[in-house]
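Copied from Swiss-Prot, the annotated features are:
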type	residues	note
BINDING	GLY11, PRO12, GLU13, GLY14, ALA15, GLY16, LYS17, SER18	ATP binding site
Amino acid sequence: MKNGILISLEGPEGAGKSSVLEALLPFLQNYGTGLITTREPGGVQIAEAIREVILEPSHTAMDAKTELLLYIASRRQHLTERVLPALAQGKLVLMDRFIDSSVAYQGYGRGLDVADIEWLNQFATDGLKPDLTLYFDIDVEEGLARIAKSESREVNRLDLEGLDLHQRVRQGYLAILDKEPERFVKVDASQPLDKVVADSLAIIQERFGNPS
């Protein structure tokens, strides 16, 4: 049974969610019985191996359905091996991407049927959804420009996609925002990092209170 708190972070490329996640850690240590951070795809050995296959820049021939099914397989392994045990122990789990990425990227971005993706998500997660999703919204061109300037970020296959795909991905996220505004909360990611972190922390504290 789920006793902990699951918070996912979502956004288009270059939104800075990974940096925000790291900056939030000192403020969230006292929620639940502990705190873990993890990512999709990845988080455990099998899922990290799948991640390498998905993001390898040379895998340009990958079919959209193949890509989706690899993400779903990674998701299931990650959940059963790491996320669900942590939640059962009452921990706060911060996830860099989760189910909404599949809807935005493979649904809106690749043009696959969103209902099919939602069914696969349901199948892989047994219906688990985040208690809160922070969606970091940024203009697509600004986000991609950030990536181009970053010396530490390795280029992956999705970075090589055209602007049109990334625009569709953002529209997918905004569609989720319209559909699930209670769970899916927008943060303006074009602001300085410290302001984005402060806004994110305020949303978390409003939803779950201050840690005891």
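The count begins at 1 with the first shown residue.
Backbone N, Cα and C atoms are what each Cβ position is placed from, and that goes for glycine too.
Just so you know, the Cβ of LYS17 (ATP binding site) picks up 24 other Cβ atoms within 10 Å once every protein chain is counted. Neighbour list (GLY14 (ATP binding site), Cβ cut-off 8 Å, at least 6 residues apart, same chain): ILE138, GLU142, GLY143, LEU144, ALA145, ARG146, ILE147.
Apart from GLY11, PRO12, GLU13, GLY14, ALA15, GLY16, LYS17, SER18, the ATP site neighbourhood in this chain, defined by C-beta within 8 angstroms of the site C-beta centre, holds PHE136, ILE138, GLY143, ARG146, ALA189. A simple way to gauge crowding: the CB of GLU13 (ATP binding site) has 20 other CB atoms within 10 angstroms, across all the protein chains here.
In the three-state DSSP classification, LYS17 (ATP binding site) falls within a helix. When the binding-site residues GLY11, GLY16 are compared by the number of other C-beta atoms lying within 10 angstroms of their own C-beta, GLY16 comes out lowest. All protein chains considered, the CB of ALA15 (ATP binding site) has 26 other CB atoms within 10 Å. All protein chains shown were included, and the count of other CB atoms within 10 Å of the CB of SER18 (ATP binding site) stands at 16. There are 26 other Cβ atoms within 10 Å of the Cβ belonging to PRO12 (ATP binding site).
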